[in-house]
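Look at TrEMBL and you will find Asp76, Asp78, Asp154 tagged as active site. The compositional bias 'Low complexity' annotation in TrEMBL covers 451-461. Marked as domain 'Poly A polymerase head' by TrEMBL: 58-185. Annotation source TrEMBL lists domain 'tRNA nucleotidyltransferase/poly(A) polymerase RNA and SrmB- binding' at 212-274. Taken from TrEMBL, the feature domain 'Polymerase A arginine-rich C-terminal' covers 328-449. Annotation comment: TrEMBL describes 420-461 as region 'Disordered'.
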Amino acid sequence: MPLGNPATPIGIANINSTVTTPFTLHVIPRDQHTISRKDISPNALRVLYRLREAGFGAYLVGGAVRDLLVDGRPKDFDVATDATPEQVKQLFRNCRLIGRRFRLAHVVFGREIIEVATFRANSDDGSGDREVENGMLVRDNVYGSIEDDAVRRDFTCNALYYAIEDFSVRDYTGGFEDVMARRMRLIGDPEQRYREDPVRMLRAVRLAAKLNFQIDGPTAEPLPRLANLLSEAAPARLFEEVLKLFLSGHGVASFEGLERYGLFAVLFPESAAALKSNRTGALRRILIEGLRNTDDRVANEEPVSPAFLFALLLWPAFCRALIGLQKQGMAPEEAQRRAADRVTLHQLTTIALPRRFSLPMQEIWLLQSRFGSRQRKRVLRTLSHPRFRAAFDFLLLRQAASPEHQDDIAFWREAQLQNGQDLESAPDSVLAEDGQEGDVPRRRRRRRRSGGSATTTTTGE
Ligand code: ATP
Ligand code: MG
């Protein structure tokens with residue numbers, strides 16, 4: 001395919017038609033873009049040069065090119081080439097081939113893996129190496145041209161190729177112009193592309209939040225209409241996407257985007273309903289505060305946990321279920337356990353939350369009710385609970401919505417400062433023996449709570 005003149009305007013009509021329409025190549029030479037080799041992983045450069053020396057086309061592609069153009073630091077560097085996976089393997093000793101359905105080469109440099117993918121077409125014409133097993137497509141290696149590879153991608157900003165041969169950026173879909181305008185635009189017909197893969201709706205919101213891009217009108221328009229398609233996506237994939245949405249440092253912006261386009265209600269129906277009916281707005285404040293904290297932690301490179309995240313996202317649902325059960329007359333402890341189980345079970349139909357996260361999530365919820373107790377044995381047990389720290393952090397968030405947790409926070413902060421031994425020998429004035437509230441200086445309790453704070457809070461929050 002002849003190289004297009006860099007000045008040639010991009011055929012907008014082409015882009016808005018279907019993915020099979022030929023696209024115009026736009027080459028952005030080195031002096032007209034900001035991608036510099038010093039910002040590219042040296043291992044990715046090694047792979048690119050080796051492929052090139054062996055006579056193959058070699059390009060950096062996808063998120064890395066996009067992030068480099070917007071001054072971001074890519075978290076991984078993917079390479080695209082016209083070499084087959086087997087040919088790639090022959091070039092690198094440290095290479096392994098992975099994937100049955102889509103065969104990919106991984107070139108391994110210690111902890112860094114450079115993924116090398118052969119140009120792929122999205123064709124259904126029966127050509128290429130396809131294998132069907134029990135009606136399921138198990139192998140789908142339909143190799144194609146760089147142009148085929150570009151148009152099967154989702155957004156124009158993700159379909160840019162940085163060529164090691166001349167350091168230019170190759171653009172088949174108008175992505176360069178879109179990145180410069182900070183615009184997310186689907187390649188091809190938006191509705192068709194969302195129907196093919198509804199997870200692209202989440203990617204639109206996530207990438208717009210991460211990059212601070214606007215979603216282009218025609219790309220945004222079908223989102224509320226098609227949001228329900230998401231419930232048909234694979235629950236395991238939705239779990240992964242939710243982690244990326246909320247644990248990549250842009251959780252607040254992601255949440256706002258999801259709500260704006262009606263996607264949050266499809267992912268978390270019960271929490272969405274609870275947020276809607278919570279007139280004080282307290283549940284929303286907790287959620288936003290929690291997401292903001294998580295974003296700060298990511299920015300400071302502190303660890304974040306899926307269990308805590310889901311405890312946060314499903315807290316509105318939990319509170320709502322709890323109120324419902326208590327209205328039916330169920331005892332507080334039983335109601336809490338039942339509410340936790342019910343919310344978890346319902347959520348699993350949409351998002352596959354693994355047990356290793358759902359169990360600690362429930363523990364974080366159930367520990368909330370223990371923070372109201374000053375009974376010596378209970379205090380010690382709560383302090384030594386493996387989820388104590390997370391549950392206490394959660395209590396701090398709840399404080400954002402309602403100042404009623406102030407006393408509990410002061411008490412448990414103090415309790416943590418003393419070590420277990422100090423507590424064992426603490427006078428009864430600090431720890432009540434019989435479940436009475438302790439008479440703690442500067443932390444005098446305003447009223448006695450019998451049901452536990454999560455119970456009290458559900459009506460308050
Ligand atoms: P991130 O910064 O989260 O890694 P990314 O765009 O690199 O963003 P990946 O999931 O790593 O996301 O995907 C790599 C590339 O694969 C994308 O840039 C895009 O070109 C293509 N891609 C990913 N998911 C899809 C999809 N659902 N449909 C079409 N193309 C996709
Ligand atoms: Mg990526």
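From the backbone N, Cα and C atoms, a Cβ is placed for every residue, glycine too.
What TrEMBL says about a protein is an automatic prediction, not a curated fact.
Here the features listed in TrEMBL are painted onto the structure.
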residue: Asp76; record: active site; Cβ contacts under 8 Å, 6 or more apart: Gly63, Ala64, Ile113, Glu115
residue: Asp78; record: active site; Cβ contacts under 8 Å, 6 or more apart: Leu60, Val61, Gly62, Gly63, Ala64, Ile114, Glu115, Val116, Ala117
residue: Asp154; record: active site; Cβ contacts under 8 Å, 6 or more apart: Leu186, Ile187, Arg193, Asp197, Arg200, Arg203
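Across the domain 'Poly A polymerase head' (58-185), mean pLDDT in this model comes to 90.
Secondary structure at Asp76 (active site), taken from DSSP and collapsed to helix, strand or coil, is coil.
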